[in-house]
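Undergrad: Below are the features listed in TrEMBL for this protein:
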DOMAIN    24-439  domain 'Ammonium transporter AmtB-like'
TRANSMEM  24-45  transmembrane segment
TRANSMEM  52-74  transmembrane segment
TRANSMEM  115-134  transmembrane segment
TRANSMEM  139-160  transmembrane segment
TRANSMEM  180-198  transmembrane segment
TRANSMEM  210-227  transmembrane segment
TRANSMEM  281-312  transmembrane segment
TRANSMEM  332-352  transmembrane segment
TRANSMEM  388-413  transmembrane segment
Amino acid sequence: MSLPSNLNPDEASPPWLNKGDNSWQLTAATLVGLQSVPGLVILYGSIVKKKWAVNSAFMALYAFAAVLVCWVGWGYRMSFGDKFIHFLGMPNVSLDAQYLIEQAFLGYLPNATMIYFQFVFAAITLILVAGALLGRMNFLAWMLFVPLWLTFSYTITAYSIWCPEGWLSKKGIIDYSGGYVIHLSSGVAGFTAAYWVGPRTTKDKERFPPNNILLMLAGAGLLWMGWTGFNGGDPYTVSTDASLAVLNTHVCTATSLLTWLMLDIIFFGKPSVIGATQGMITGLVCITPAAGVVQGWAAILMGMMSGSIPWYTMMVLHKKIGFLKQVDDTMAVFHTHAVAGSLGGILTGLFAVPKLNRLFYLVDNWQHYIGFFYGLHTGHTTAGFRQLGIQLLGIVFVVLLNIFTTSVICLLIRLIIPLRLAEDELQTGDDAIHGEEAYALWGDGEKYESKLNSIYEEFPPPSKGGE
C-alpha cells in the first residue's frame, strides 16, 4: 500500500518521525506555555493588590524568558541528557542543529520538540515558586534565584524522576506529568523561599484585595484549559492514554472546584470566587501524577479529596500551626501545590491501574506500576505495598532536596543582594520598583486642577465684555 506523498519519508521527515505525534507535541507544549504566558502573568497581576500588579506579572514573565535561555544552555541536558551522576545529567548546550533534528530519547519526535515541551514545564515550575513571594521580594534577587534554582534543584528532580536513567525512575515511581517534579517541588521551594525572604508589610498581609477578579478568572481559565496539553502531552504520542489523561484531568478539576465551593458555602456562608479558583488549582495539581493511569471514578474521588484536604490545611490547620502562620506564602502554594501534589502522589500509589500503566510506560512487568488497591485485588499485595512505598519515598526526596537547595540558594543570594525590598519600596510598590503602574486611572498621580486644565486647554478662555 502506497502512502500519500506528504507522508512519505524524506530528508526532512525521516522514517522514525511521526508527523501526527510531532504536531500534537508542539501544540501541547504551546498550551502549557500559554498557562504561564499569558495565563499566570494575568492571574498574578490581577489577584494581588493594585500596587503590586506590574511587579507580580513581570516576575512571571521574566522567569519564562530566563528559564528558556538556561534550558537550552545547560538545563535540558542536565535533566534528560547523558548520565553525569545517578541523579543528574551532564551539563551541555542544546543548540546544535544536528542534535536538534535527531530522534529524542522517547517517542517519534526530534530533540527540538522534546526540548521545547520540557522547557514549558520547567518555566511554569519557577513561576509557581514566584507565587509564594509576591509583594515583597527584591526583583534583582529574583533574577538571580531563577537560574540558580533551575540549575541546582529542578534539574535534579527532573532527572531522578523523569529521565529513564534517574534513580527514582528506575525504582518505578509514577509521576505521570509532574505532581512531584513540578508541583511538590514548587510548593516546598516557594514556602522555603518565603521563609527566607520574609513577610509582606503588616498592612499588605492584613488586607490584600485582588485588583481585578474578572481578569484573575481569565488567567485561571487559561491555566485550566492549558492543562489539556500539560497532561495530554506526556505520553509523547497521540494515544488512547493521552485522551484518557485529558478527560481525567478535567473531571478531577471540576469535582475539586465544586467541593471547595461547597465547603466555603457551608462554613463561611458565601461562594468565594477566589476559593473556587484555589479548588480548581488543587484539582489540577492532584490529578497530574495520576492523569493517564487511573480510572474515571478514581479521578472523581481524587477531586473530592483535593477539594477538601487542602481546603482543611489552608482554612483550619494554617491558623492553628504557628510555623505555618509565621511564613508569608502569598498565593498559598504550600497548600495548593505541596499538599495537593503530595496527596496526588499518594493517591496515585493507591489507584494506579496496571493496564493503564502498561499503556503509558509500555512495560509488561506487573511488579512495577501497580496501585495498592489493585495489588490487593489481584493478589499482588507486596507489589502494591512496594509501589506505595516508592511514591512516599519520592515525596521525602523532593521535600528534603528543595528545603536544602532553596535555603542554600537564598542564603547565597543574600550575601550579594537583599532578598527583600526596602521598606519605602514595600510601601510604594510598582512605581518604586519599575517606575510603572498597572492602571492609569483618572486623577492618578495628578492634582485635580491640573486634570481640569488638561481637559479645557484646547478651548480658548471666554472673552471679556462679550468680545
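Glycine too: its Cβ is placed from the backbone N, Cα and C atoms.
Note: TrEMBL annotation is automatic and uncurated.
Situate these features within the shown structure.
TA: Confidence over the domain 'Ammonium transporter AmtB-like' (24-439), given as mean pLDDT on the 0 to 100 scale, stands at 95.
Sequence-distant neighbours of the transmembrane segment (24-45) (same chain, 6+ residues past either end, Cβ-Cβ under 8 Å): 53-54, 56-57, 59-61, 64, 107, 109, 113-114, 116-117, 119-121, 123-124, 127-128, 130-131, 134, 215-216, 218-220, 222-223, 225-230, 232-233, 236-238, 242, 331, 438.
Within the same chain, residues 33, 36-37, 40-42, 44-46, 91-95, 115, 118-119, 122-123, 126-127, 130, 133-135, 137, 139, 142-143, 146-147, 150-151, 204, 211, 429-430, 433-434, 436-439 sit at least 6 positions outside the transmembrane segment (52-74) and bring their C-beta atoms closer than 8 Å to a C-beta of that stretch.
Through the fold, the transmembrane segment (115-134) approaches residues 25-26, 28-30, 32-33, 35-36, 40, 44, 48, 52, 55-56, 59-60, 63-64, 66-68, 71-72, 75-76, 79-80, 94, 100, 142, 146, 149-150, 154, 158, 178, 181-183, 185-187, 189-191, 193-194, 197, 230, 233, 329-331, 333-334, 337 of its own chain, all at least 6 residues removed from its boundaries and within a Cβ separation under 8 Å.
Residues 31-32, 34-35, 38-50, 53, 249-250, 253, 273-274, 277, 280-281, 284, 438-439 of the same chain lie 6 or more positions beyond the ends of the transmembrane segment (210-227) yet place their CB under 8 Å from a CB of it.
Beyond its flanks by at least six residues, the transmembrane segment (281-312) meets 174-180, 182-183, 220, 223-224, 227, 230-231, 234-235, 241-242, 244-249, 251-260, 263-264, 275, 335-337, 339-341, 343-345, 347-348, 351-353, 356-357, 359-360, 369, 371 of its own chain at Cβ-Cβ distances under 8 Å.
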Undergrad: Short question: which residues 6 or more past the ends of the transmembrane segment (388-413) have a Cβ under 8 Å from it?
TA: 141, 144-145, 148-149, 152-153, 156-157, 160-161, 168, 171-175, 180-181, 184-185, 188-189, 192-193, 196-197, 338, 342, 345-346, 348-350, 372, 419
